[in-house]
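Worksheet for the structure shown next.
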Amino acid sequence: MFSPADNIFIILITGEFIIGILGNGYIGLVNWIDWIKKKKISTIDCILTNLVISRICLISVMVVNGIVIVLYPDVYTKTKLQIVICTFWTFANYLNMWFTACLNVFYSLKVANSSHPLFLWLKRKIDMVVRWILLGCFAISLLVSLIIATVLSHDYRFHAIAKHKRNVTEMFHVSKMPYFEPLTLFNLLAIVPFIVSLMSFFLLVRSLWRHTKQIKLYATGGRDPSTEAHVRAIKTMTLLIFFFFLYYITSLLVXFSYLITNYKLAMAFGEIVAILYPSGHSLILIILNNKLRQASVRMLTCRKIACVT
């Protein structure tokens, strides 16, 4: 029997899983239908499609990891299961973070203005640059996950120690120790895409500040299309970076949870908050993206008409 706290954890993580799968699945479906109709896919749709696929994978791995680690910690002490979960989580996690950084870079290149030669070249070649970045993101994520799998598969010391322990909690604490160095290192390295996102955000803010300063000289009265585009992009990136930061911090909490006395509570809290990022941000993308929002409105309108008739 599960405790009341376990039942609350199951309800919350199940709700986040459903929201995340439906939200990200909807984005992918809309982009896929648009791709079929137009026989081509835009750069932003390409980024979003790759992003939501990585998030669906990440949410699935995180839910499985959370349920096993919180509700069945004795099962998690098995070496092969830990290696499989950690490898897939690392791959999906890095894909998600780098695709998110790629989305921020796209917003920055598309909307911001700068006279720097490198920026102008990247802006002209934005479609080619983004596709190479996406390919690079996949290569980096695959390489890191393979390194994690190799490192963990060669470290079986915890199994020999854990099998002499009778207490499940002690087994869990012992089993996490060999994973501390590689997983913590790669969790800390994941700050690189976050820094890339921050740089893109500040470049966009700087561009808006300079653009607003120039507009004041002409006193046109009202915001021009460029200003509106800057504001929309900054709103989107602000929410994205907030969720990104929250996810990164809670991922570290999960990685260091074995150091906390009540590790089970820390792990459950970390998993629930971390899943908010890939699940909740999909809803924000739907609201802020004109095409996705209009498609959802049309779908709801058609459903309402069908119900009436």
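Placed from the backbone N, Cα and C atoms, the Cβ positions cover glycine too.
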Is Ala266 placed by Swiss-Prot on the same side of the membrane that Ser3 is on? yes
Run through Asn113, Asn167 and tell me the one Swiss-Prot describes as N-linked glycosylation site. Asn167
Restricting to CB pairs under 8 Å, which listed stretch, 8-28, 51-71, 83-103, 267-287, is in contact most with the transmembrane segment (185-205)? 83-103
